[in-house]
Amino acid sequence: MVQSSILGFPRMGRLRDLKKATEAYWADKISRDDLLAEGKRLRLEHWKIQKDAGVDVIPSNDFAFYDQVLDHHQLFGTIPERYSKYNLNPLDEYFAMGRGLQKEGIDVPSLEMVKWFDSNYHYVKPTLQDNQQFKLAAEPKPVAEFLEAKAAGIITRPVILGPVSFLTLAKADRDQTVDPITLLEKLLPLYVELLSKLKAAGAEDVQIDEPVLVFDLAEKSKAAFKPAYEKIGALGAEGPRITLATYFGDIVHNIDVLADLQNLHSIHIDLVRNPEQLDTVVAALGPKQILSAGVVDGRNIWKTNFKAAIEKVENAIQKLGKDRVIVATSSSLLHVPHTLASEKTLDAEVQDWFSFAVEKATEVVVIAKAVTEGPAAVREQLEANAKSVQARASSARTNDPAVKARQAAVTPEMHNRKSAFPERYAEQTKTLKLPLFPTTTIGSFPQTKEIRIQRNKFTKGEITPAEYEKFIEKEIQEVVKIQEELDLDVFVHGEPERNDMVQYFGERLTGYVFTTHAWVQSYGSRCVRPPIIVGDISRPAPMTVKESKYAASISPKPMKGMLTGPITCLRWSFPRDDVHQSVQAQQLALALRDEVVDLEAAGIAVIQVDEPALREGLPLRTGEARAAYLKWAVDSFKLSTAGVTDGTQIHSHFCYSEFQDFFYAIAALDADVLSIENSKSDAKLLKVFIDEAYPRHIGPGVYDIHSPRVPTEQEIKDRIEEMLAYLSPSQLWCNPDCGLKTRGWPETKAALTAMVNAAKYFRQKYSQ
Ligand SMILES: Nc1nc2c(c(=O)[nH]1)N[C@@H](CNc1ccc(C(=O)N[C@@H](CCC(=O)N[C@@H](CCC(=O)N[C@@H](CCC(=O)O)C(=O)O)C(=O)O)C(=O)O)cc1)CN2
Ligand SMILES: [Zn+2]
């Protein structure tokens with residue numbers, strides 16, 4: 001019998017229950033026991049959903065209160081001393097690492113958070129010491145959660161991050177020099193101990209994720225697989241059967257590693273992203289090894305094409321036999337929303353094209369049944385599926401001849417500004433007249449409860465568009481006044497009208513549909529509701545001009561217009577899977593180009609086009625694919641921004657990624673001013689500016705906005721001082737790491753006051 005399996009389930013709950021409980025706990029509105037109980041309730045509910053759907057292999061330990069990678073810090077006893085020294089209870093210590101803590105004499109920033117592979121999920125980077133010791137937690141979470149499920153009558157397959165991935169994704173702590181992979185020998189006994197404990201608790205199977213196998217691995221990481229899995233495999237019958245899971249790419253370039261993994265029970269591969277790897281991987285399996293075939297997409301919301309998925313699985317069965325193949329999701333379902341059943345406002349035509357986590361659970365079961373018992377056993381489901389796949393392929397929604405015609409008319413010149421930076425800058429200074437170390441913010445100001453309540457009322461029709469507009473104007477007045485008081489140099493309107501920087505644009509563009517409950521975890525308690533691209537994209541009307549124009553009309557200082565760039569709109573949406581992403585990006589770029597030109601015409605002389613997702617779209621492996629991506633991605637940004645005159649200053653913004661090895665691409669965008677997250681990634685990034693001899697203006701973030709912690713003026717001065725070792729005073733801007741929407745007002749004002757004071761200090765110093 002061919003089994004069905006899921007690699008991980010979204011943990012927020014149907015109505016973002018985990019987010020609500022976690023934030024209530026942080027606000028001291030519920031107790032620790034309440035939060036722990038809510039976590040337990042959600043885990044149970046999610047196991048039951050999968051069990052009721054008929055899924056054979058159900059994951060556990062895929063749950064986390066903040067991030068599943070961060071969990072391993074407590075699991076392995078690698079909590080940096082700056083957190084452990086307070087002897088907090090484990091939950092608070094865990095949140096302190098995730099989001100920092102500033103309370104009752106405690107003042108500690110969070111650990112660094114970065115993108116999880118090429119997704120919009122963020123993990124907390126394991127951070128290790130030169131003299132790192134490891135110690136398995138007394139009650140390891142994977143064991144506890146396995147037992148919890150078992151007590152409810154559900155036998156699960158616990159998931160843990162593998163040792164090679166844990167160490168490869170880790171970094172040395174600030175001021176430490178250790179290369180984490182060299183700690184393998186010390187770490188391995190903990191895996192052995194944990195696996196024995198899991199086995200003793202009754203776990204027959206464990207999923208060990210080694211997603212780094214899809215990278216071009218450094219030799220040291222690659223060589224670590226052999227000793228790691230020899231040791232783990234040596235447990236034999238004393239340990240559980242191991243499924244080694246890879247996803248988000250193929251493992252063909254690392255196929256020789258499989259020879260060292262022959263004592264593992266099964267190997268999971270992503271056959272949605274890279275179906276062509278099947279033959280190579282099958283050929284490299286040991287004689288008894290099982291293939292876990294990831295054929296149901298864990299990263300997108302399109303209904304699985306059963307016919308195509310069944311063909312892939314049948315292909316594997318032909319070579320391996322029915323008892324050596326498992327049907328699985330391509331990756332964890334963490335990246336898709338909970339259930340389509342919550343969507344009450346989607347057009348029926350498109351609703352039938354989608355499948356979220358709950359629906360995907362049924363999909364793996366149907367596919368497994370089809371290949372086990374034959375198609376007749378699930379005839380009805382197969383017929384219904386073929387019908388929706390066909391309906392989507394032939395829908396008039398997907399094809400807009402006017403958009404196609406406009407794309408055909410794009411010329412190379414449309415990608416370039418009229419003059420080079422020095423001439424542009426000369427024009428810009430005529431109108432802008434900025435001081436040295438100009439201060440600005442990244443766009444959003446706190447999205448207060450009041451803003452969300454008013455927007456909610458507006459969405460529900462409880463207040464009129466005019467009333468909502470009036471409310472937004474009042475908010476803009478407020479942030480303009482505050483920016484005046486803070487004495488910032490380039491103002492923003494604060495983005496109060498935006499629910500999210502991508503969703504907002506999705507809601508205003510033709511070719512998109514959007515949802516009401518389709519939330520996906522982005523980091524910690526924060527979620528996004530990615531809009532869905534279903535057809536060709538165009539802009540029926542200006543999207544941001546009204547608010548920017550209003551803000552400029554009441555502000556004495558330059559007002560920065562604020563847009564989300566084409567690549568970020570694409571990456572943070574659920575994209576189409578029927579046309580290449582470069583086509584979708586160009587359509588977005590053309591829509592945004594019109595918006596940029598309209599903003600300029602409305603008198604907005606500084607326009608920021610955010611592209612924080614540019615880096616995450618970079619193919620995970622080096623080589624030709626990367627060059628091809630960068631060509632169309634950079635072109636899309638340039639196409640969206642190059643319609644303006646020299647005197648209009650184009651800014652762009654980057655955050656949430658490691659940029660050291662990517663700065664050349666950001667430089668290629670030819671933006672006049674960049675703001676780039678820097679405050680947690682040490683001086684590595686700064687060094688690049690010298691290496692690249694970066695010629696334009698730049699504001700590396702001077703403080704971390706992900707934490708409620710307020711930086712001191714001295715800290716900010718130290719940051720700027722550090723930057724001045726790499727950049728000249730005339731090119732440096734002063735700004736936070738990212739937008740302030742997730743922050744409260746008191747900490748925002750305090751932090752910006754410190755920032756403005758620090759900028760003034762250097763302005764004074766360098767103007768003498
Ligand atoms: N798409 C996207 N990806 C991104 C980022 C980003 O800004 N956008 N930033 C980076 C980090 N990720 C982030 C992701 C989310 C949030 C964030 O603040 N999310 C909000 C939700 C934002 C939102 O869409 N809010 C809506 C809906 C708000 C809401 O919850 N409404 C309530 C009702 C209103 C109420 O009583 O609060 C409901 O629907 O139940 C709005 O403002 O209108 C949250 O989780 O709290 C921040 C950063 C990288 N990736
Ligand atoms: Zn940002």
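For all residues, glycine too, the Cβ spot is worked out from N, Cα and C.
According to TrEMBL:
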- Lys19, Asn120, Arg526, Cys527, Trp572: 5-methyltetrahydropteroyltri-L-glutamate binding site (BINDING)
- 437-760: domain 'Cobalamin-independent methionine synthase MetE C-terminal/archaeal' (DOMAIN)
- Ile442, Gly443, Ser444, Asp610: L-homocysteine binding site (BINDING)
- Ile442, Gly443, Ser444, Glu495, Asp610: L-methionine binding site (BINDING)
- His653, Cys655, Glu677, Cys738: Zn(2+) binding site (BINDING)
- His706: active site, proton donor (ACT_SITE)
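Cα separation, Glu495 (L-methionine binding site) to Ser444 (L-homocysteine binding site), rounded: 5 Å. Cβ neighbours of Gly443 (L-homocysteine binding site) (same chain, under 8 Å, six or more residues apart in sequence): Val492, Gly494, Glu495, Met501, Lys560, Met562, Gln608, Asp610, His653, Gly739. Taken in sequence order, the recorded positions Glu495, Trp572, His706, Cys738 that lie near ligand 2, meaning a CB under 6 Å from one of its atoms, are Cys738.
By the rule that a residue counts when its Cβ sits under 6 Å from some atom of ligand 1, the recorded positions Ile442, Gly443, Glu495, Glu677, His706 yield nothing. Counted within 10 Å of its Cβ, the other Cβ atoms near Cys527 (5-methyltetrahydropteroyltri-L-glutamate binding site) come to 18, all protein chains included. Of all the recorded positions listed here (Ile442, Cys655, His706), His706 has the Cα closest to the Cα of Lys19 (5-methyltetrahydropteroyltri-L-glutamate binding site). Between the alpha carbons (Cα) of Glu677 (Zn(2+) binding site) and Ile442 (L-homocysteine binding site) lies a span of roughly 10 Å.
Note: the CA-CA distance between Arg526 (5-methyltetrahydropteroyltri-L-glutamate binding site) and the residue listed as 'active site, proton donor' rounds to 11 Å. For the pair Asn120 (5-methyltetrahydropteroyltri-L-glutamate binding site) and the residue listed as 'active site, proton donor', the C-alpha distance works out to 16 angstrom. Other C-beta atoms found within 10 angstroms of the C-beta of Ser444 (L-homocysteine binding site) number 23, with every protein chain shown included.
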